[in-house]
Amino acid sequence: MSTVQVPKLNTKDLLTLEELTQEEIISLIEFAIYLKKNKQEPLLQGKILGLIFDKHSTRTRVSFEAGMVQLGGHGMFLNGKEMQMGRGETVSDTAKVLSHYIDGIMIRTFSHADVEELAKESSIPVINGLTDDHHPCQALADLMTIYEETNTFKGIKLAYVGDGNNVCHSLLLASAKVGMHMTVATPIGYEPNEEIVKKALAIAKETGAEIEILHNPELAVNEVDFIYTDVWMSMGQEGEEEKYTVFQPYQINKELVTHAKQTYRFLHCLPAHREEEVTGEIIDGPQSIVFEQAGNRLHAQKALLVSLFKNVEELS
């Protein structure tokens, strides 16, 4: 086996992409591409990852469990509602106890503050598998997918059209970190969090990225390389039927994509609500790479797990 550099990360946890430098992100992506070609590398032999879920999941649960098996370890599913934490035990106490049993924690929950406390009180790595505010593992896979298509981030233009949600937040930070241009188009009142936008703009000043928040989807996708969308109603927002009317002009369809480059690629974090945020014609079309993108969750997360768990200089 050829020598491969395991990324050295200056963080115990991954809660948001703010914690990673541009160099660390690129290294993780390159390592993920290596692991994609070499799936059965027992780099985490005997390691146990606790998987705490308070939200429904397909991609996050399966990709983390499969990733740990491929790396020689084990993923242990923990239903947050069935744990004592769901009956009043503090996050702090839970963190300290789990640190004695397992080697790392992935948590998918609602409150980002709870994940921050879990990481603070744990002596083992904590990975944010999704909160209401951030989805960093998805953004890492998104960057990997873009990088595989372009082999660069310089000069690449990404448009995100839809709800300014957790996926949008992580993409803003990701784009700013790697120096990629990103335009967001949302209906009025559904813009991304102002503080996160400010953080992305500050990072962009250092990396040469361009960040723009608009309300016109046609302007947002003008001559872009990638068009990205997500569901209009995230988990926990069900019942907000008025959003369907407000978001209809933001549907990714054959008319909207004519404003992008002819070579554009379509991205979606999935699950998709077909004929709502995107038409079947687009998501199943030749320029859609959503299933390759979904597959890259596995490889990007494996790279992250190895880097956080082993924190060593070289893999041989």
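Glycine residues also receive a Cβ, built from the backbone N, Cα and C atoms like all the rest.
As written in Swiss-Prot, here are the features:
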type    : residues                                                                                          : note
BINDING : Ser57, Thr58, Arg59, Thr60, Gln84, Arg108, His135, Pro136, Cys137, Gln138, Cys269, Leu270, Arg297 : carbamoyl phosphate binding site
BINDING : Asn166, Asp230, Ser234, Met235                                                                    : L-ornithine binding site
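Counted within 10 Å of its Cβ, the other Cβ atoms near Cys269 (carbamoyl phosphate binding site) come to 25, all protein chains included.
Ranking the binding-site residues Asn166, Asp230, Ser234 by the distance of their Cα atoms from the Cα of Ser57 (carbamoyl phosphate binding site) places Ser234 first.
Of all the binding-site residues listed (Ser57, Gln84, Ser234), Gln84 has the fewest other CB atoms within 10 A of its CB. Note on the binding-site residues Arg59, His135, Arg297: the fewest other CB atoms within 10 A surround the CB of Arg59. The secondary structure of His135 (carbamoyl phosphate binding site), as reduced to three states from DSSP, is coil rather than helix or strand. In this structure the C-alpha atoms belonging to Gln84 (carbamoyl phosphate binding site) and Asp230 (L-ornithine binding site) are separated by 33 Å. Within 10 Å of His135 (carbamoyl phosphate binding site), counting CA to CA, the binding-site residues Asn166, Asp230, Ser234 contribute Asn166. Its Cβ placed at the centre, Asn166 (L-ornithine binding site) has 26 other Cβ atoms within 10 Å. Cα of Cys269 (carbamoyl phosphate binding site) to Cα of Ser234 (L-ornithine binding site): a distance of 12 Å. The two recorded residues Asn166 (L-ornithine binding site) and Arg59 (carbamoyl phosphate binding site) have their Cα atoms spaced 16 Å from each other. Taking a C-beta cut-off of under 8 Å and a sequence gap of six or more, Asp230 (L-ornithine binding site) has these contacts in its own chain: Gly162, Asp163, Asn165, Val167, Cys168, His268, Cys269, Glu277.
Here the CA atom of Ser234 (L-ornithine binding site) lies 15 Å from the CA atom of Arg59 (carbamoyl phosphate binding site). Of all Cβ atoms in the protein chains displayed, 25 besides its own lie within 10 Å of the Cβ of Cys137 (carbamoyl phosphate binding site).
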